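Here's what Swiss-Prot has on this protein:
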ACT_SITE  Cys142  active site
BINDING   Ser10, Gly11, Tyr12, Ile13, Ser34, Arg35, Arg36, Asn297  NADP(+) binding site
Amino acid sequence: MIKAAVVGASGYIGGELVRLLAMHPEVEITAITSRRFAGQKVHKVHPNLRGLDLRFTNTKEFDADVIFLAVPHGTSMEIIDDYLGSAKIIDMSADFRLREDLYREYYGEHKRPELIEEFVYGLPELHRKEIRKAELVANPGCNATATILALYPFRELTDEAIVDLKVSSSAGGRRENVASIHPERSHVVRVYKPYHHRHEGEVIQETGVKAAFTVHSVDIIRGLLATIYFRFEGSTRELLRKLLVYKDEPFVRLVTDKGGLQRFPDPKYVIGSNFADIGFAHDEENSRAIVLSAIDNLIKGGSGQAVQNMNLMFGLDERTGLNYYPVYPV
């Protein structure tokens with residue numbers, strides 16, 4: 001059994017990670033940590049996990065083969081020395097995703113730049129071989145995951161793209177602020193980052209395409225939809241052929257139906273799963289390609305992708321513990 005510890009397990013990503021690991025046939029959870037909730041049973045913070053015999057601790061010492069750092073951005077680089085060398089590490093924050101120049105542009109000065117190159121960017125569809133050999137993995141951001149998966153097959157067709165993102169309330173995490181209370185959050189379609197979103201750096205790094213994000217908060221609890229536009233004067237057949245690079249990927253589903261309930265990707269149909277649904281449209285009159293990508297931000301955009309990476313790092317089938325379909329209806 002793989003012994004797993006989750007550092008910072010009180011947030012939404014941490015809670016979903018604990019849920020997935022608890023159901024994983026090859027994993028034993030040895031520790032979940034939280035400074036705020038140390039000593040409390042896990043279901044006091046994550047009520048859906050009632051019956052799971054775990055308590056939060058505030059220790060830095062535990063028996064683990066893999067440690068998940070589910071902590072806020074900027075924290076991992078401060079605590080990484082507590083865990084380096086003791087176990088494989090999967091970092092859920094943004095601290096080690098970007099090369100130093102891009103990190104500086106989007107986040108500021110990095111406190112541990114010498115460690116950046118030791119981390120593998122944890123998007124299995126692009127870096128499966130490197131992840132299998134890795135000791136340190138940086139889990140991608142949710143918006144970056146959806147956008148990179150959609151844009152990567154077309155990276156040779158364009159050097160810039162417009163990315164319109166509709167994201168759920170859980171993408172903002174569990175932080176308490178007035179904008180997140182129900183009277184303020186309900187029924188919104190709120191632009192909260194019109195340009196220079198931090199996840200742009202991940203897209204530039206992984207695809208070479210200059211992606212300009214505009215991000216909207218919408219009135220859903222989980223899930224996100226990326227709609228990507230770029231100039232394209234080729235054929236519809238060429239667009240489809242490019243997407244077929246994913247035909248054997250276990251967690252990418254191509255949505256190309258011409259009729260029925262779902263003609264294009266919709267986050268409603270991936271909730272609770274590790275799937276990314278990708279589709280496209282071709283606006284020939286205006287010489288535009290429109291590529292769409294839907295994921296559950298907490299699973300493929302977070303905890304599920306982390307488990308997928310763990311599976312690869314330990315030589316397991318990457319579908320282990322993740323091979324289930326989305327919840328429906330939601």
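Cβ coordinates come from backbone N, Cα and C, glycine included.
Annotated pair Gly11 (NADP(+) binding site) and the residue listed as 'active site', C-alpha to C-alpha distance, rounded: 15 Å.
Long-range Cβ neighbours of Asn297 (NADP(+) binding site) (same chain, at least 6 residues apart, Cβ-Cβ under 8 Å): Cys142, Val167, Ser168, Ser170, Ala171, Arg222, Gly223, Leu224. Taking the Cβ of Ser34 (NADP(+) binding site) as centre and 10 Å as the limit, one finds 22 other Cβ atoms among all the protein chains shown.
Listed in sequence order, Ala70, Met92, Gly173, Leu298, Gly302, Ser303 are the same-chain residues six or more apart from Ile13 (NADP(+) binding site) with CB atoms under 8 A from its CB. Look at the Cβ of each of the recorded positions Ser10, Gly11, Tyr12, Arg36, Cys142 and count the other Cβ atoms within 10 Å; the largest number goes with Cys142. Counted within 10 Å of its Cβ, the other Cβ atoms near Arg35 (NADP(+) binding site) come to 10, all protein chains included.
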